[in-house]
Amino acid sequence: MAGARAALLPLLLHLGSLALAARGGEVSREQPRLADAISQQQAPSHSLVPGETHQQQWCPLEERLERLEAEVTDLRKQNRELQARVVQLESCECWGPGHTCPEGARWEPDACTACVCRDGTAHCGPQPNLPHCRGCSHNGQSYGHGETFSPDACTTCRCLAGTVQCQGPSCSELNCLESFIPPGECCPICRPGCEYEGQLHQEGSSFLSSSNPCLQCSCLRSLVRCVPVKCQPSPCLNPVPRLGHCCPVCQASGCTEGNSHRDHGQEWTTPGDPCRICQCLEGHIQCRQRECASLCPYPARPLPGTCCPVCDGCFLNGREHSSGEPVGSQDPCSSCRCTNGSVQCEPLPCPPAPCRYPGRIPGQCCPVCDGCKYQGHEYRSQETFTLQENGRCLRCVCQAGEVSCEEQDCPVTPCVRSASGPQLCSACVLNGEEFAEGIQWEPDDQPCTSCSCQDGVPVCRAVLCSPVPCQHPTQPPGACCPSCDSCTYHSLVYANGQNFTDVDSPCQTCYCEDGTVRCSLINCPFTTCAKPQNGPGQCCPKCPDCILEAQVFVDGERFPHPRDPCQECWCQEGQAHCQLRACPSAPCVHPLPGTCCKNDCTGCAFGGKEYPNGADFPHPTDPCRLCRCLSGNVQCLARRCPPLSCPQPVLTPGDCCPQCPDAPADCPQSGNMVPVRHQEHFFQPGDPCSRCLCLDGSVSCQRLTCPPAPCAHPRRDACCPSCDGCLYQGKEFASGERFPSPNVACHVCLCWEGSVKCEPRTCAPAQCPFPTREDCCPACDSCDYLGVSYLSSQEFPDPREACNLCTCLGGFVTCTRRPCEPPACSHPLIVPEHCCPTCQGCLYHGITAALGETLPDPLDPTCSLCTCEEGSMRCQKKPCPPAPCAHPSPGPCFCPVCRSCLSQGREHQDGEEFEGPEGSCERCRCLAGQVSCTRLQCPSLPCLHQVTEPGTCCPRCTGCLARGEEHPEGSSWVPADSPCSSCMCHKGIITCAQVQCVSACIWPQEGPSDCCPQCSGCEHGGRKYEPGESFQPGADPCEVCICKQKREGPPSLHCSRRQCPSLVGCPPSQLLPPGPQHCCPTCAQALSNCTEDLVGSELVPPDPCYTCQCQDLTWLCTHRACPELSCPLWERHTTPGSCCPVCKDPTQSCMHQGRWVASGEQWAVDACTSCSCVAGTVHCQTQRCRKLACSRDEVPALSPGSCCLRCLPRPASCMAFGDPHYRTFDGRLLHFQGSCSYVLAKDCHGEDFSVHVTNDDRGRRGVAWTQEVAVLLGTVAVRLLQGRTVMVDQHTVTLPFLREPLLYIELRGHTVILHAQPGLQVLWDGQSQVEVRVPSSYRGQTCGLCGNFNGFAQDDLQGPDGRLLPTEASFGNSWKVPKGLGPGRPCSAGREVDPCRAAGYRARREANARCGILKTSPFSHCHAVVPPEPFFAACVYDLCACGPGSSSDTCLCDALEAYASHCRQAGVTPVWRGPTLCVVGCPVDRGFVFDECGPPCPRTCFNRHIPLGELAAHCVRPCVPGCQCPAGLVEHEGHCISPEVCPPVLLTGD
C-alpha cells in the first residue's frame, strides 16, 4: 500500500500543477493544502501523533486527488471547445491587401495576379488569359511578368504587363574638349591633362608659361587658362630682376611705422579698416585689400567691423535675405530658398499623370498627357515617329500620353556603283579595321573618341562629357571625364569625406563631399590675454609665450624654475612669474632643512646644530641635561648618575655626577680615533644606523628604529627613508624635478617632497587623419597608415588593394588606381591577377580571345571574322562572290544578289516598274537584277500654247494660277479685292485692269455699288437684247455691251472697253497690229514663261501701261493707274514708251526729299538704285544681284559703292559703352576712365585703318564717356560727333555719303554705320556707344584698347611695345594719342577708381536694384547665350559714377542697350523698353513706329519690287533699334506711304 501510494505522488504533483495553472484565483487557497499533502507524503513514516493510523493519514489525500482529476477533465473539455472555435473562425475569413476579406472574396494585387479567399486561405495565381500578362519578348528572349533583366551592362529592363521598359545610365554632362568611356563603364569622362606650348601638364596643375614667365597658367578639365602675373610697383629704387621670374624684387630690410617695427615679410591689419592688409617688403610698407574666400555663392554683406561677406544669409538681386527665407526664382517651376549663403531650389510638386509617358508643354511646369516623353524625346499627341532598337526598326505613335509601337522593315543601306560594274555598299577602314556603313564605335587606341561611318568616310569626334553635379571634380588618370568620387582643390586631390586645411589659405578648414569642397573659416579659440599676437603664417591669434633661462613656455603653463626647483613659475601675458612652493607642515618639532622645505624628520636641528636620528647630545646650555634626537623630535632629561661602588665619590667641578676616585675605563676605537669615555653613546664607524654605549671599557650596541615616512616615494637616507627627494623605479630624483615616466610612454612625472605624480603629456589635436607620433604627440609631417609609417610626398602601394597607389601628403593619404603604361596593342586583356592590361590575349566587346584565335565579329557575327594578333583584334569582311547581273541589290552581309535591283540609290523588287533617272523621261522595269528602260509617250494636249517645265517630261497647257486658284486658258474673272477690275488668262499670262466704262445711252444711271453707269433696259439702236447677249455699240471693235439681268427690276446694259492681254516678252518688232474687227494686237512669236528663276521679278511689257510680276509660275500683269493732271487736254501729251499723259512742260522739275531736281538730272539713292527726273516725274532703276554662297567661315559683306555682296572672313566685334567699358575682340571686359584721345582699334601690321576715341569727363572727376570717334583710312579722316554729325576731311557731310571705292556712311534708325573697304564696320549711336567690327582676316593683327584679336582674352592688356601691363589703367594710358583730330583741350589720365566706394553704400544698393532688370524676364532668353554678369557689374559701376538725377537714367539705358546689342548679335532680340524705361520717340505723324530690331534694310519705294527673302539675303547691315514703317507701308522721303503712290521703278539686269 505504501508503494502504491508512493506511485501516486508524481501524478499528484502533475495534476496539482495543472490545477493551479488553470485556476489562478485559487492558488492561495489550494497551495497550502497541496503543500501540506506533499509535506505529509515526504515526512518520515513514523507518526508524530500518538494513535493516528496510516488510513487516517491518506484519506484526505485521496479526497483531494479525486477533486483534482475532476478539474483536469473539465479543463480538457474546455480546451477542445476552444480549438474547434479557432478552426471555425479561420475558415470564415482571409487577410487580404491591408484588411480582412470574407470567404469567397476576389481581389487583384496587380494587373496580372488574381487572389481568392477559400477556406480562410488566400489562393493567388497569374492570369494567363490576358494577353499582356503572358510575359514579354525582348531580343529573342522571353521574360515573365515583373521580371527584371539587363541586355547589357549599361541598361536595365523590366517586363510589366507585356511591355518592356528599359532605362539607360544617367550620365552627367561634361565640359571638356576630349572625353572617353572607360572599359567597363557606361558614362564618358574627361581625358585628363592639358597640352600647352609643346608640354604636357597634369590635370589641376598650375604652371608658368615657358615662353612668357609673366603668364600664370592652370590646367583644369583639359583646358588651359592663363592670366597675367600682376607685379606690384616696386617700393625700392633699384629692384633686382631674377632669372625665370616676372617681377623684380628688392633687397631685404625691415620697416618702421610710428613706434612699431615690422620684420620683412610680416603682415598686419590696419586699424579702422579691416579689409586693408599691410606687409613689410624690403623696408617698404605695401598695403592691399584683403581677398575674401568664396565660401558660398551668394554671401550676405560683411558684419560691421569685419571685411569679408558671411554665409549666414544671402545677398541676391540687390536684396538681403536671411537664411531660410524664400527668394525669387527665374524658373516658374521651382521654389527657391536662401540656405546659409546658397540658393537651393526644388521643383514644384506635380500630381501623378494618368498616363505612362506624359510630356511637357511650354509654359507648364508639370508633365501632362497632351504629349509624350519617350526615350528622352518630346512628341506631340498624334505625332508619328520612328526608332531603331537593337537592329529593329519601330514605328511609334503618341496618343494622349501613351506610346504604341509596331515593328517595320528597316530601309536598305544605299550602295554605289563601282567603276567595274557591280554595286558595292560603302564601308570605312580605320587603323586596319573595317566598319559597316552607319555603324558607330569607339577606337580602342582613342578611348575618348566616338567614330561613325558616313558614306564610306570615318568621322570621329571627341566624346562630350556631361556636366558633373559637383564643383571640384577629379579626373582620374586614363579617364575621359571628371567624376565626383574625390575633389581636386588647388591642384591637390582629396578623398571623399576628407577634412583638410586649405594650403593657399591656412585659415580655412575644408571638407570634400562628393566632389565639392566646402570651406569655412577656422573657429579660433578664445584668448585669455589682453594683447594676443599673430605670427607669420599663423591663422589664430594667441597669447605671447614666455622666455626664462633661454627656455620657451606657452601662455598659462605652470612649470618649475629651470635653476631653482623650489620655485614654481607660470607664464602670463608674455611674462614669467615665480614664487616659492608652499611646503607641507613637518610631522616633527625639530626637522632638518631639506632641499626646499624644512620638514626632514630623519634628524634634528636643535640649538643651531644638526643631529642624526637617535643621537644623544648634551643640552647646549645645561650640561647636566642630556638630549636625544628621535625622528625630528628632541627629548632632554636631567642626567641620571649611576650608582657608585666607592664609599666616597668625588664631584669634580664642571661635572654633573660624582665619580669614584678611580675613574672607569674608556672604550678604545679602531685606528687613531679618540677613545670613547665611560657611559658615552656613540656610533660605530661605517655603521651610522647602530647606537652603542661604552660602560667601563665595554661596548654594547643596538639597531636604531625608523619612523614611517609621510610620503609615497621617500628616498633612503643614511639609515631611514627621507621625503627630501624621491626614489622612483630605482632612481633618485630631487624634489621639484620633472622626468619622463619610466613605465608609461608619453607621461611626465613630478617629484615633490617624496611623492611622485605622473600624468599624460598634453598635445595639440592633429589636423590630419593619419598623423605619426613623434615625441609622444601626433604630427602631420608624415603618415601612419594601417600601422605603417610613410614620409610626406611618398608613394606606396595600397595595403588593401594591390592595384592602387597611395600618396602621403601632410598626414593625409589619397589612394588612386595605379597608372598603367599604355599597352602596345589595341585590345589588351585584363587578367584578374594583374593590375594593368596585357597584350597576351584580346578583350574585344566583352569577348576574350587567345593569341591567334579567330572568331566571329561580335559587332557583325554573320559577315565578319576577327583574329587576335598580339593583343589587337584584326577584323575583316567575308569575301562576297561576284553577282551575275548589272544592278544587284545588297543581300546578306551586303553581298550583291540578283533578287531585286538597285538603281539610282533605291531598291526595286523583282518585276517592279519605276521612273527612270530624273530628266530622262524613261520608264524602267526590274527583272532578276537587270534594269530595262523605255522612253515615255506624252499624251496629246487640246491647247495651242504649251510649256514643258524643267524636270518634267511632257508639256502642259499654260493655264494661269493666281493666289492659289487655277484659271483655264481664255477665261476672265473679277478679283475679290477689286470688284471694278477685270482679269483674264491668255497664254499663261494674267492681265488685270480697271474696267473702262463706255456710255451707250443719253441718260445712264449709276448705283452706289456699280462700277460703270448703266442703261435701263436692254435696247440699243432700235433692237432689244435678251439677258446674256452682247454686241458692239459703235465702230470701235474694243467696245462691247452686255445685257445683264438684275435681281430686282428690268435688265440693263453694261458697256465697257474690251481688255487686251499683255504680251510679256514680245519684242516691238514682232508686234502685229489688230486686224479688221479685232481689238487687240498679237505677237508673232511665243511669249515669255514665268519660271522658278524669275519668281519675284518684274518686267515691262510692250504696253507701258502694264507692269508684270512673276508669281506662282504665272505672269500677273496689272494696269497702272494714271494721276489726274491739272493742265487742259490740249496741253497734255504721252511720251513714247510711257503710259500716262503729262503736261507739255519738258523742263518741269521733280520734288525729291524736300528739294527740287531739274529735269534730266540723275542721282543715286543707294548703291543699288539710281533715279532721274524726266519731265517732272522721278524714274528709278534698281540693280539685281545673283545669289551668293559663302563658306562656313565666311559671311556676306558690302563693299563701299558696290550693290552686290562679296564673301569676307567672319568678323569679330569690339564695343565701348557706358563709363567707358571696353569689350575686346576676344571677349574681355575692361574699365578705363581716361579723358584723353586713345587708339581703340588699329591694324598694326598693314596700317589699313585706325579708330580713335576721344573721351570726356562731363564735369565729373575720375570718370569719362566716349565723346567722339575718329576713323583714319589712309589719307581720309572721318569724325563721328555728338548728335550723329559726321565730318569727312574736316567737312560736314549729309548721309548717306559715298566715296568710292573706300568709304560708305549711312544712318539706320538712330545708328550711324560706316562701311570701309578693308571690311571694317563702325557703329556709333551719336552719344557714347561705339562698336567696331573687323573680319577674321585681321586675326592677330590688331592692337589698341580692343586687344590683339588672337582668340586669347588673357593677354589683351598689351601695350604698344608688346608687354603685358599689370593694370587696366596703365594699359589704357599706354594707348593715348598725342594729339587728336578735334580741338585741343586739357585731359586727365585714367586711374584705378571705384565710383561705388566713393558714392557710398546707399548709392551701390540703389544701383544694384536698378541694374537688376538685366537678370529679370525681359532679358532671360538671352542669358544662355550672353552672360549678364559682366554687364550687370558695368551697369552698377556706371550708375555709381553718374550719381543721382536724370543723368543716371541715361547711364542705365546705355548699359541696357549695350547688353541688348550683344543679344541681337547672338540672335536673341529682347523686348525690354517700357513706357518709363529708355523710351525712344518716333514721328508718329509721319507714320513711323519703334521696332527693337527692325529690318536693317527697310522696304522703300526703290526696293519694294524685290522679294523679301532676296532683300534680307543681300542686306548685311546689323540689326539696330529704330523707327520703322509698319507692315503694308514703305519708306519714302522720311514718310511711311502706301506702295501704290511710289514713283515708277524700272528693272535692269545685273
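Heads up, the Cβ atoms here are built off N, Cα and C, so glycines get one too.
Within the set C1080, C1083, C1346, the cysteine that Swiss-Prot bonds to C1214 via a disulfide is C1346. Candidates considered were C1090, C1105, C1108, C1387. The record in Swiss-Prot pairs C1236 in a disulfide bond with C1387. Of the candidate ranges 60-92, 192-224, 588-620, 1116-1148, Swiss-Prot annotates residues 60-92 with the feature coiled coil. Secondary structure of the domain 'VWFC 1' (134-191) per DSSP (helix as H, G, I; strand as E, B; remaining residues coil): 0 helix, 27 strand, 31 coil. In this chain, the domain 'VWFC 10' (665-724) does not touch the domain 'VWFC 1' (134-191); fewer than three CB pairs sit within less than 8 A of each other, excluding pairs fewer than 6 residues apart. Of all Cβ atoms in the shown protein chains, 23 besides its own fall within 10 Å of the Cβ of C1236 (disulfide bond). Looking only at Cα atoms, C1236 (disulfide bond) sits nearest to C1346 among the recorded positions N340, C1214, C1346. Around C1346 (disulfide bond), taking its Cβ as the centre, 28 other Cβ atoms fall within 10 Å, counting all chains.
Restricting the average to the domain 'VWFC 6' (426-485) gives a pLDDT of 78.
Cα of C1346 (disulfide bond) to Cα of C1387 (disulfide bond): a distance of 21 Å. Within 10 Å of the Cβ of N340 (N-linked glycosylation site) there are 18 other Cβ atoms, across all protein chains.
Annotated pair C1387 (disulfide bond) and C1214 (disulfide bond), C-alpha to C-alpha distance, rounded: 24 Å.
Of the disulfide-bonded residues C1214, C1387, C1214 has the largest number of other Cβ atoms within 10 Å of its own Cβ.
Across the fold, the C-alpha of C1214 (disulfide bond) and the C-alpha of N340 (N-linked glycosylation site) stand 39 Å from each other.
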